[in-house]
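Features of the protein shown, as given by TrEMBL:
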BINDING   C27, C224, H249, E253  Zn(2+) binding site
BINDING   K285  ATP binding site
DOMAIN    14-330  domain 'tRNA synthetases class I catalytic'
MOTIF     282-286  motif ''KMSKS' region'
Amino acid sequence: MKLYNTRTKKIETFSPLNAKLVTLYCCGPTVYDYATIGNFRTYMMTDILVRTLRHAGYTVKFVMNITDVGHLVSDSDTGEDKMEKGAKREGKTAWDVSKFYTEAFLSDSKKLNLVEPDVRPKPTEHIDEQLAMVKTLLDKGYAYKIDDGIYYDTAKFPTYGVLTGQKLDELKEGARVEPNPQKRNPTDFALWKLSLDSKVSGKKRDMEWESPWGKGFPGWHLECSAMSRKHLGEQIDIHTGGMDLIPVHHTNEIAQSEASSGKSPFVQCWVHGQFLLVDGQKMAKSKGNFYRIFDIEDKGFDPLVLRYFYLTAQYQTFLNFTWEGMTAAKNSLTELRNHMRIFRADGRNALSGEKMEKINAFRDKFDAVIADNLNTPQALAVVWEVVKSNIPAPDKYDLLMYFDEVLGLKLNEITAVSATEIPADIQALAKKRDQLRKEQQFVSADTIRKDIESKGFVIEDTPQGGRITRA
Ligand code: AMP
Ligand code: ZN
């Protein structure tokens, strides 16, 4: 299997550290609000990666956290904690906000048929592990204390910035004007923040813990380092997230994990997904192009249509969300489901050697394109090649079910419709249409087809005549 690795900036053949188990970590949502369809594009990429690895025979331990504390509004360790901000907005505690949006996230994930991670750790449940990591970094001389917390000294870590390919000096220049003059370098970041910052929000923090350095809360970057170590070990195979996490969050995770364990690399292969755009622009509340799963459902779309839509672009390319694009995805998925019904209803015949070869070739082609850096648009192209091919219907059905292990479009939930379920009047119309087609009266035959479709049925022409199924 080939994957683009942000660390080496190359497409590489993936091979896990331990042949028996692939360890994979994905940065999960910060549960202060609903996740957007942009966020879900990144989780979808991770889902396809996990499914593809399992489909190829690997055992995967998949961990995706739920960030429920410490993710600040600004990357420069100032400003409010997103969770506390959400609590103020809704007049609830940060704990209640976390509970509500975690449930919403799990429900949306289910609707998109995203694979369940093996572990969904929360930083609020891993305070001891995070404190231990801060202590190790202090003991090893990688961290220092200033008035508002414990910070990581990025100048002490020689390979800081390896993911972006920038040197520390370049990163320092690009960093924002430093609000805390006590920080040694503009790129230094908080490992543990002291609660005195809660004055910013004008109220006491809902989430805070005792520590050897004073009451406070963990930094967002520290959470992923501590939880990935706890659940996957000091060195892991794959780490995923959106492109925007490369310069700060993932850069800082590497610095913390490698400095505390003394092992490098922390992650063998970093996989980053490109952004979802809306009408060609970045998604933003101010632009009114900010969609959640319920916005998709409100417009009458099954969330699995969004899943199909995501599959139409390879994860490293921008994907532009439009309602026209969603309608096209809906039509394709509906057509695919209708075909599945027909394929499933068909009886099985003996296979010729030539058809057997074709089936194997389709299977190999699908496996090859998906293993080629997760080329989902090519994988969909193979789906349609199979649909249009001349292999027997039950074999089409079996192949598409095999592909669906990766695509996750729930094609198994299509129930076969037998001829007896088609009402007699519809069957009579179909018979009449067959006769007209035999007589080459195609215009009249088409009028009947439209009539049949308007009554909620689909007709497909086969050498044996029109085959009807429920739409
Ligand atoms: P957040 O909850 O802001 O930490 O974001 C969760 C995940 O969604 C991160 O991996 C982000 O990189 C990713 N993300 C945010 N916006 C988009 C977008 N428009 N398209 C794709 N991924 C995104
Ligand atoms: Zn993370």
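Glycine is treated like the rest: Cβ placed from N, Cα and C.
Any TrEMBL annotation is an automated prediction that lacks curation.
Recorded features from TrEMBL, shown on the structure.
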residue: C27; record: Zn(2+) binding site; Cβ neighbours (10 Å): 24
residue: C224; record: Zn(2+) binding site; Cβ neighbours (10 Å): 27
residue: H249; record: Zn(2+) binding site; Cβ neighbours (10 Å): 19
residue: E253; record: Zn(2+) binding site; Cβ neighbours (10 Å): 27
residue: K285; record: ATP binding site; Cβ neighbours (10 Å): 9
Between E253 (Zn(2+) binding site) and K285 (ATP binding site), the C-alpha gap once rounded to whole angstrom: 29
Separation of alpha carbons, C27 (Zn(2+) binding site) and the residue listed as 'ATP binding site' (Å): 22
Near-site residues: Zn(2+), ref C27, C224, H249, E253, CB cutoff 8 A to centroid: W220, H221, E223, S225, H239, G241, L245, H250, N252
Mapped DSSP class for K285 (ATP binding site), helix or strand or coil: helix
Listed binding-site residues with Cβ under 6 Å from ligand 1, out of C224, H249, E253, K285: none
Where C224 (Zn(2+) binding site) sits in the secondary structure, as DSSP reduces it to three classes: helix
